[in-house]
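Peer 1: This structure is in structure tokens; I'll ask about it shortly.
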Amino acid sequence: MPNSLSAIIEILGTIAFTISGVYSAMQKKLDILGVIIIGFVTAIGGGTIRDVLIGHTPVTWMQDLTGPVVILATAIITILFKKRIGNFKVTLFLFDALGLGLFTVIGLQKGLAAGLHPGVCVALGTITGCFGGVCRDILLNHIPVLFHKEIYATACIIGGVVYFMLINTCGKSITEMVAVIVICSIRIIAYRKNWKLPAL
Amino acid sequence: MPNSLSAIIEILGTIAFTISGVYSAMQKKLDILGVIIIGFVTAIGGGTIRDVLIGHTPVTWMQDLTGPVVILATAIITILFKKRIGNFKVTLFLFDALGLGLFTVIGLQKGLAAGLHPGVCVALGTITGCFGGVCRDILLNHIPVLFHKEIYATACIIGGVVYFMLINTCGKSITEMVAVIVICSIRIIAYRKNWKLPAL
Amino acid sequence: MPNSLSAIIEILGTIAFTISGVYSAMQKKLDILGVIIIGFVTAIGGGTIRDVLIGHTPVTWMQDLTGPVVILATAIITILFKKRIGNFKVTLFLFDALGLGLFTVIGLQKGLAAGLHPGVCVALGTITGCFGGVCRDILLNHIPVLFHKEIYATACIIGGVVYFMLINTCGKSITEMVAVIVICSIRIIAYRKNWKLPAL
């Protein structure tokens, strides 16, 4: 995938993740700083856990300030225009799905760069995509949505497997793009059709 | 302790910890992937926190895939045969106690290898043995069992102290074995006799 | 700030943070070891998260045992004399505010020493000062107080900004002292006047 495209998608994904955190926090009547902190944690939590687990420190958001700046701006705008932003639910959901796909692929690549086994890379991709939401839910005192509602981690795992099936034959750019599209599509279709994994 | 024996106990402990996570998660009606993730976190959480705190990264389960493979297989088998596995409660409890002892001793040794003070090593051993369960309880939105029920961390701390009392006179193998037995026995006896620490 | 003064304030802050953890844990009827562990986590949680994020491992409390010894002694004394310590509420609140200021400044300095951007240093300072309490609340199954009650992180952020406004002109000692006093004063005044951030 061209770097510029991937950078744009990453920013859109960060925006969507931040907004999801801000909205969840506002429902719990947190104060303004609490809401912003939850926005941050939702957007950077997954990548931060990944970085800590592989020893890539100081963690990414400390070294590249694009993330924090985008998050802070997004959180403030969301708080100011909360009602209007509610009108863009569909757009936000699409950003979120795109972000999920791209974050997962970024996690996969960091795992590969650290020389880890493909299975571990898939786990790292899933952590990068999903664990920001897990941190959000823990801080807000919920059981993480990831574990009992909607198809989320499943999409990341399938996308990760597709990635490793293609990477040796299709080249890096195409493989990345296909993996992002697979994850994004599964997430969207599952949401539309209300697919769920069986509960136990 | 001979390496092969220690490897077998570690696998038995991993199995027991995974099953404890899977059972707890099933009681909360999580979906199948949520249940598997909680199984993972319960089994590897303690060692992962230890590795992150001492800077031993990428963390152990990323470098040696025995753990993840055992956990995945255990989680799936437990889900498929959940009723029958309930019949092995006593066996599982014994594995769990053995695993607690061995995980604690592994944590102690990693602390020693990192050149840390004996008191810190005892803390690391306790974290390795107990904090997988703490992660499980946080994700399932409980106050960790560790803090208010049953003797658990106490056994690890006593075992750690015994370890440092013997290590200079008895040699590594014997010390390890005694420490595992002490932890395991305290855990079993405390459970049988329903011992509890005083609540405050 | 003279090193000896800063060491004394750090110990007073550690004592206050430990007592706050121990008190919260006692209200949840945890057992004695659970109470001590929550005391530890409250006092060292913020610094530990900071160290892990910047890759400063083994984390500080493993390398300098002053912290753990002070915490253990404080926790035991608090448990033994819980009623009497309740009489020192005002003193404890002042220690807590002082500790908040100093912990924040320590976090700032560790960020600077790691070559990080001032904005990231302010975040690290806030994490050092506040996230021990966040860990305490997560373990006790509350939504962190930080997010919805009292001015806490706000004081750290303002203090951090003041620090960077002064550091190039006033010299290290004066800047540190002013930042600690600013944070401490905001915390105390906000508490007295019952200031809150707007809820959303």
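Every residue gets a Cβ built from N, Cα and C, even glycine.
Just so you know, TrEMBL annotations never went through curation; they're auto-generated.
Below are the features I grabbed from TrEMBL:
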- C:8-82: domain 'Glycine transporter' (DOMAIN)
- C:94-166: domain 'Glycine transporter' (DOMAIN)
- C:6-25: transmembrane segment (TRANSMEM)
- C:32-49: transmembrane segment (TRANSMEM)
- C:61-81: transmembrane segment (TRANSMEM)
- C:88-108: transmembrane segment (TRANSMEM)
- C:114-139: transmembrane segment (TRANSMEM)
- C:151-167: transmembrane segment (TRANSMEM)
- C:173-190: transmembrane segment (TRANSMEM)
Peer 1: Which sequence-distant residues neighbour the transmembrane segment (C:6-25)? Criterion: at least 6 residues beyond either end, Cβ under 8 Å.
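Peer 2: Sequence-remote neighbours of the transmembrane segment (C:6-25) are 34-36, 38-43, 66-67, 70-71, 74-75, 78-79, 82, 85, 92-93, 95-96, 98-103, 106, 132-133, 136-137, 140, 176, 180.
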Peer 1: I need to check the long-range neighbours of the transmembrane segment (C:88-108): which residues 6 or more away from its ends have a CB within less than 8 Å of a CB in the stretch?
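Peer 2: For the transmembrane segment (C:88-108), the list is 6, 9-10, 12-17, 19-20, 46-47, 50, 121-122, 124-130, 152, 155-156, 159-160, 163, 176, 179-184, 187-188, 191.
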Peer 1: In the same chain, who gets a Cβ under 8 Å from the transmembrane segment (C:61-81) while lying at least 6 residues past its ends?
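Peer 2: Tertiary neighbours of the transmembrane segment (C:61-81) are 11, 14-15, 18-19, 22-23, 26, 32, 35-36, 39-40, 43-44, 47-48.
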Peer 1: I'd like to know the mean pLDDT over the domain 'Glycine transporter' (C:94-166).
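Peer 2: Mean pLDDT for the domain 'Glycine transporter' (C:94-166): 92.
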Peer 1: In the domain 'Glycine transporter' (C:8-82), how many residues does DSSP call helix, how many strand, and how many coil?
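Peer 2: For the domain 'Glycine transporter' (C:8-82), the helix, strand and coil counts are 63 helix, 1 strand, 11 coil.
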